Amino acid sequence: MSDRQAALDMALKQIEKQFGKGSIMKLGEKTDTRISTVPSGSLALDTALGIGGYPRGRIIEVYGPESSGKTTVALHAIAEVQEKGGQAAFIDAEHALDPVYAQKLGVNIEELLLSQPDTGEQALEIAEALVRSGAVDIVVVDSVAALVPKAEIEGDMGDSHVGLQARLMSQALRKLSGAINKSKTIAIFINQIREKVGVMFGNPETTPGGRALKFYSSVRLEVRRAEQLKQGNDVMGNKTRIKVVKNKVAPPFRTAEVDIMYGEGISKEGEIIDLGTELDIVQKSGSWYSYEEERLGQGRENAKQFLKENKDIMLMIQEQIREYYGLDNNGVTDKAEEVQEEMELEE
C-alpha cells in the first residue's frame with residue numbers, strides 16, 4: 001500500500017470516527033444511485049420532468065402569475081403521495097387553502113397535516129421540524145411571498161424592511177437543504193411573480209424571497225395560463241402551460257400542456273389524448289379519435305368523456321405512454337426503510 005493510500009485510509013477512518021459511519025464513502029459503494037421519484041399527478045408533467053415525477057429529497061419551486069394553477073399542481077402531488085400511503089403536510093402561509101377543492105383533487109383532508117403560521121420564521125421552523133422527523137414524504141409551503149418576517153409584522157405599516165425576507169429564506173434554506181436530502185422529503189415552495197422597476201430590456205419579472213430559492217431548487221416550474229377552455233359560452237377551465245425552467249436531474253426547458261378544469265383540477269383524460277395522439281397510440285382522423293379498433297369520440301371533449309367513462313381503456317393508453325417514455329415511479333412505499341437504514345448507518 002502506498003503512503004498516499006495509507007494517508008487517505010487514515011483520514012477516512014478519522015472522518016467516520018468523528019462524524020459517524022456513512023459520512024464519507026466512494027460513490028460506487030452506494031447500493032442505489034438512481035433518483036427515486038413520486039408522480040406529479042400529471043402524465044404530461046411527469047414526461048417533461050424526464051424522470052417520471054418529482055425527485056425525492058429535493059427542493060422544488062413552482063411559480064407563476066395569480067390564478068395560474070400553482071396550488072393545483074402542488075395539491076395533485078400531495079394526492080399522489082397520499083394514494084401511495086405517504087404522509088403529506090401543507091403550510092398555508094396565505095391562509096387560503098380550500099379544503100373542498102383539495103378533496104375534489106383527491107387529497108385526503110382527514111390525514112393532511114395543515115399549518116397556518118403567523119410569521120415566516122414560524123412557517124419555516126415548522127417545515128424544518130417536519131422534514132427532520134423523517135416521517136413526512138412531502139411538505140408544501142404556500143407561498144414564499146406570504147412568509148412575512150416577524151419584525152415586519154410587529155413593526156408599523158410604513159417601516160422599511162429591505163432584504164429581510166431574502167435573509168430569512170437564505171438562512172432557512174441553508175438549514176433545510178441537507179435535512180431534506182437526508183430524509184428523502186419533497187419540499188415544494190409555491191412562489192408569486194413581481195415586476196422589477198426600471199427594466200428596459202429583458203424580462204422584468206422576478207420572484208420574491210431573494211435568490212437563495214433559485215439556487216437551492218433542483219427543479220423550478222413556471223406555470224402560466226395559455227387559453228380558456230369553453231363549452232359553448234361557458235368557460236370550463238384553462239389550458240395551462242408548465243415549463244421546466246430548471247432541472248438538475250434531467251434535461252431542462254421541456255414544456256407540459258395540461259387542462260385545468262374548474263372544480264376538478266388537471267384533466268388526466270385530456271393529457272392522455274394529447275400525448276397518445278402525439279405518439280400515434282391514439283389515432284386521429286379528421287375530428288374522430290380512435291384507439292386500436294375502438295372509437296373514442298368525435299372531437300376532443302367527447303373523446304375525453306369516453307375515457308372518463310371507460311377507465312380500463314384510459315389505463316391501457318396511459319401504460320403505453322409511460323412505457324414509451326420509460327417512466328418508472330419508485331416512490332413512497334420504501335421510504336421508511338431507506339430513512340431507517342440511513343439512520344442506522346449514522347449511529
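Note that Cβ sites are derived from N, Cα and C of the backbone, with glycine treated the same way.
What Swiss-Prot records for Gly64, Pro65, Glu66, Ser67, Ser68, Gly69, Lys70, Thr71 is ATP binding site.
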Check: same-chain CB within 8 A of ATP site center, minus Gly64, Pro65, Glu66, Ser67, Ser68, Gly69, Lys70, Thr71: Val223, Arg224, Arg225
Candidate with sparsest Cβ neighbourhood (10 Å radius) among Ser67, Ser68, Thr71, the listed binding-site residues: Ser67
Lowest local Cβ density among Gly64, Pro65, Gly69, which the record lists as binding-site residues, within 10 Å: Pro65
The one of Glu66, Lys70 whose CB sees the fewest other CB atoms within 10 Å, among these binding-site residues: Glu66
Where Lys70 (ATP binding site) sits in the secondary structure, as DSSP reduces it to three classes: helix
